[in-house]
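Asker: Got these off TrEMBL a minute ago, pasting:
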- 1-22: region 'Disordered' (REGION)
- 1-11: compositional bias 'Polar residues' (COMPBIAS)
- Arg150, Gln211, Arg453: substrate binding site (BINDING)
- Glu166, Lys297, 366-375, Tyr377, 402-405, Glu428, Lys455, Glu461: ATP binding site (BINDING)
- Glu166, Asn168, Glu370: Mg(2+) binding site (BINDING)
- 242-294: domain 'Glutathione synthase substrate-binding' (DOMAIN)
Amino acid sequence: MSQPLTLSSAVVQEAEDDSSPKPSLFDYHSIDQKLLQNIVYDSLVWSTLNCLLVGDKSVQRSGTVPGVGLVHLPLSLLPGPFPESHWKQACELAPIFNELVDRVSLDGQFLQESLSRTKKADEFTSRLLDIHAKMLQINKKEDIRMGIVRSDYMIDEKTKSLLQIEMNTISTSFALIGCLMTGLHRSLLSQYGKFLGLDSNRVPANNAVDQSAEALAKAWSEFNNPRAAILVVVQVEERNMDGQAISIVYFRAGYTPKDYPSESVSYMNSEWRARLMMEQSSAIKCPTISYHLVGTKKVQQELAKPGVLERTPFIRESGKAWDHGDFDETVEGLGSGVISYSSLWSLEDSDIVKKAIESPELFVMKPQREGGGNNIYGDDLRKTLLKLQEAGSEEDAAYILMQRIFPATYPAILVRDGNWNTGHVIAEAGIFGTYLRNKDKIIINNESGYMVRTKVSTSYEGGVLPGFGVVDTVYLT
């Protein structure tokens, strides 16, 4: 049940005398109610002062009148436990995945072949592939390549393994929010940690915003035109910039069909022509069309197959340039799924499809879409697979199957719209990586901060703004 917020001076006094018993570590549901009210109150004040805010949909003029209708982002009041060894593993993998994306993006034939069936079943992917094919046809070279990548992970409770859910190569959001949440949780634990038995220093430092800004700045410098601007593609009305040289095109949008509203009118109209023009330009793209395609669910499923990475020509040929230890051992580990991949399958695998129909609760069905809220679970998954089988078409190529991960749950306090409630939750950690290369010179290849989303364990989806999840951090154990 949602609890309204109240505050009294007695709460502060009780906290200060430290007379109430401490809850068991991470048993947040046993926190004294008056102390809890005080922590919630301070979290809302901090969120307001530090702009951890979003437009309030319940206010009619929100989003149209500046400063009207703002509310704090849905958040987890205190950080959840995360094994430090797994955290270090995820951070160490970031530079490897950065370079993996870059190397795979160079293999145009692999990308086209991997998505050939998907192209027939998914119009959006088909149009991306058409642009990619045009770049191959004109032999377009991207000497300067930049990536801001985010790999999302969960820890499987049964195997205690860190498993990668997906890798995002376009519009990798929540860098700023991740940093703000780190600041909030560190602030709360600095003030209340002694009453909870928690140390604020166990919340990892977060430099996601600084690292992303540094990558953009260095890419701009490599472009070597001090008069050039950075173009950010966003989901708002178009604003023309005529006659202005552009050094970098950063895609904060362009990852969903909704970002191309003219497509139903005429093929390659308006937004698609703009996307093609950007790819043909000399500007640095973040991401390039190739990077974008590497981030598709289908390509990640292909990369997860044993032996695929070893057979990919550009990966093999560039092995000598790999700067993260033994190349063969690293590629073998990534390709086999031992290091971090959750199991992924094509719907061409009839045995897996049969198992998914029989036990849909063990799988997640993913379309070739980004932005959250698109995955299919449970009985809906079973019905969708049966429908695709009955149709007998190639529409199944628009989906992949993923092993469903079952992380450990833990008690949490969730704060939304100024009210708090309790729940048992699971967390998903996203590790950012920044990459910049000019021909053979790697300028940046870093792990670059993190963001965490937490959701109630009974919820399939974890999107924060749609109302499923909350923003969070981790507490290293």
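A Cβ is built for glycine as well, from the same backbone N, Cα and C atoms used for every other residue.
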Asker: To the nearest Å, how far is the Cα of Pro367 (ATP binding site) from the Cα of Arg150 (substrate binding site)?
Answerer: 19
Asker: Determine, using Cα-Cα distances only, which of these binding-site residues is closest to Glu370 (ATP binding site): Arg150, Asn168, Gln211.
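Answerer: Nearest in space to Glu370 (ATP binding site), counting only the binding-site residues, is Asn168.
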Asker: Please list, in sequence order, the residues in the chain of Lys455 (ATP binding site) that are at least six apart in sequence and whose C-beta is under 8 Å away from its C-beta.
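Answerer: Correct list: Val425, Ile426, Glu428, Glu461, Gly462, Phe468, Gly469, Val470.
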Asker: Of the residues in the domain 'Glutathione synthase substrate-binding' (242-294), how many are helix, strand and coil by DSSP?
Answerer: 23 helix, 9 strand, 21 coil
Asker: May I ask for the distance between Arg404 (ATP binding site) and Arg150 (substrate binding site), taken between their Cα atoms and rounded to an integer number of Å?
Answerer: 20
Asker: Which three-state DSSP class does Gln211 (substrate binding site) fall into?
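Answerer: SS state of Gln211 (substrate binding site) = helix.
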Asker: Rounded to an integer, what is the Cα-Cα distance in Å between Asn168 (Mg(2+) binding site) and Arg453 (substrate binding site)?
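Answerer: Just about 15 Å between their Cα atoms.
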Asker: Quick check: which same-chain residues outside Glu166, Asn168, Glu370 lie with their CB within 8 A of the centre of the Mg(2+) site CB atoms?
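Answerer: The answer, listed by sequence position, is Arg150, Asp152, Met167, Thr169, Ile170, Thr172, Gly295, Lys297.
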Asker: What is the total of other Cβ atoms whose distance to the Cβ of Arg150 (substrate binding site) is within 10 Å?
Answerer: 26
Asker: If you measure from the C-alpha of Glu166 (ATP binding site), which of the binding-site residues Arg150, Gln211, Arg453 fall inside 10 Å?
Answerer: Arg150
Asker: Would you mind ranking the binding-site residues Arg404, Arg453 by how many other Cβ atoms sit within 10 Å of each Cβ and giving me the lowest?
Answerer: Arg404
Asker: Do you see any of the binding-site residues Arg150, Gln211, Arg453 whose C-alpha is within 10 Å of Tyr377 (ATP binding site), and which ones?
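Answerer: For Tyr377 (ATP binding site), the binding-site residues whose Cα atoms are within 10 Å come to none.
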Asker: Near the Cβ of Pro367 (ATP binding site), how many other Cβ atoms are there if near means within 10 Å?
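Answerer: Excluding its own Cβ, the number within 10 Å is 19.
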